[in-house]
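Trainee: Sharing a structure below in structure tokens format, with a few things to ask.
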């Protein structure tokens, strides 16, 4: 066991953990901002209740994303000093931009949003949540551009054994980044959509257990406060699913050109093969599909791991240039299966919850102006959400999260043995002066702390989901000014969301 | 001015901004149990930093990000050399962050106590360790680390107490003022010891005499600290806070003045620097973005400018 191994474990553990919270921050933030916008536009109380309810869940989760993110920024310097020195000139730029352009925006405006409910004009307050979520999404772009550079380095030259940036624009518009950013952000929206679906599904089931009107089918689900967020989450997940599939396909084609070894590992392909088959599960092969997916040409040659290994050994010197094939192979399938399952669920849900036409002049929905000449007037009414679907929605919580984890394992384990593809090996990236003991201590400390916090976060989220949305008090009165103490006017800090 | 000097100045500015802003956050976090009697007052004390601490923390993230981009070898060398202290800083920032964010969300008094413990430890650890790490960079001695750590903690405590006095009304404000005066008994001697060591840091290692302006900065930092205490005594909360904030800022300026041009032993800025293209590009982006950042952060302080009172729940 070397410090290198533990440093890799530490990076894997802390990064995967960090990325449990970040996607939810990215997607749920936009969802909450959307709810508040709906409240702003319509003035309907239910939107305010939902904004505050999902806002609380968002904030509980946001805290974890922030604190685990600091570890990420420091970790490169701590465990990977040789990597940092090699790449800092290029890789540091998007990180610095992330802090300057995204994190300040996110943190400052979120503070204003949390505490500004009765201090800011409604319109300005709405703008603060949008500014914060723009910050979150912008940060995703910068860090993913940095990550994309590790897999497909562009806009640089190597001078004195260090990468020197020659073109920041090339780094920020790296083809790999342009495919990866929408793919990961779409994944974040699927995770957030799945989270909302699970919350709504749980609460709809709970409502049915306790609702005295359960015998009236029309009321079941249809009149529930959970119907709107569920529909919104279904739309969000389905659209994100389409983006995810499209950009995933694009990423596969880029792999073919830029990281053939990762593609070979993802498919378990040993030899260069023309008209390569795709195997959704081991043992089942669909002829020519892999070649078609990778290049749009069914008879194209896809490189195999053994042949690439021989080529790389000739080019870079002796060594093993293959990643851990079983892990990469399995991750790829988990990602696709679980991701697609969630998106499929959302499409099914959209169909199940569509409105249905019903004659307008019924007892429940009297037509305002009587029948229209020529054709019978109808109105569209919400359809009942089936209980089995509400139950299936609970799966939408874990499935996309597992898909996201698997996607990162595919992406980053598939990049091995390189930290910077073709330029710097992982083994040459680690801090030379940091001992095995030091890494072991920090790995143990972070793993233990992260484990405890995960339990606390889960307990807290479950408690709030179970409690459901609170009734909102009527419009908060403006703070009483002037206690006769000059500028030291005392006001109460409205404990709307915090403290 | 050379680009490396520009970026060293930017990084010094970001670190100093972090010291000034998170300085009072750390102080408030450490003082919260001492300044409050009961839950309503505890909320009042923590409410003074509630809306702003997260934005303040980004100054640290920006400082470290800028080091990574502009001086990769400085970033990598400093973080890998002070490995275990940095682990503890991160643990502190983690437990403080979740403590502050979750405190208002938990329902039981025992859960709140855990959050309070996190806020206390999570404020004390980084406050002590950053002081110790920078003191060790200057002097490379255990004694200096201790002095630096104690000075940093006591300065944060004093700065935080003055901030609470400025931002609250009622018994908490009176307690915060008293606390500031008591704390000055530690902060002033520690300040004299730590600040007087800054200019001579290079000289002891056989380097050239410190420039006069570093002496001037260190002296001004000490004077501002004393002024902060005197102004608290006179009940001038706003001016007292201006004085302690100036003291922290001047300490940061003196510290980075002493670190120039070799931020790590045996590593000059020129050796550590990124290429001219990277520095130039980042300079333009930084020049455009930084005024906006300072502007909207200042606006958020303006929005939350009113003093807080304890609010029975």
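Placement of Cβ uses the backbone N, Cα and C atoms for every residue, glycine included.
Computed from a predicted structure; not experimentally measured.
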Trainee: Labelled transmembrane segment by TrEMBL, one stretch among B:6-35, B:36-65. Can you tell me which?
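Mentor: Checking TrEMBL against the ranges B:6-35, B:36-65, the transmembrane segment one is B:6-35.
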Trainee: At least three Cβ pairs under 8 Å linking the transmembrane segment (B:114-135) and the transmembrane segment (B:6-35), pairs spaced 6 or more in sequence?
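Mentor: Taking Cβ pairs at least 6 residues apart, the transmembrane segment (B:6-35) and the transmembrane segment (B:114-135) are in contact, with 3 or more under 8 Å.
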Trainee: Taking the transmembrane segment (B:178-200) as the reference, which of B:6-35, B:141-166, B:212-233, B:240-262, B:282-304 gives the largest number of Cβ pairs under 8 angstroms?
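Mentor: Of the candidates B:6-35, B:141-166, B:212-233, B:240-262, B:282-304, B:141-166 scores highest.
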Trainee: Restricting to the same chain and to residues at least six past its boundaries, which positions have a Cβ under 8 Å from a Cβ of the transmembrane segment (B:282-304)?
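Mentor: Counting only partners 6 or more residues beyond its ends, the transmembrane segment (B:282-304) has Cβ contacts under 8 Å with 3, 6-7, 10, 51-52, 55, 66, 69-70.
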Trainee: Top stretch among B:82-102, B:141-166, B:240-262 for CB pairs under 8 A with the transmembrane segment (B:6-35)?
Mentor: B:141-166
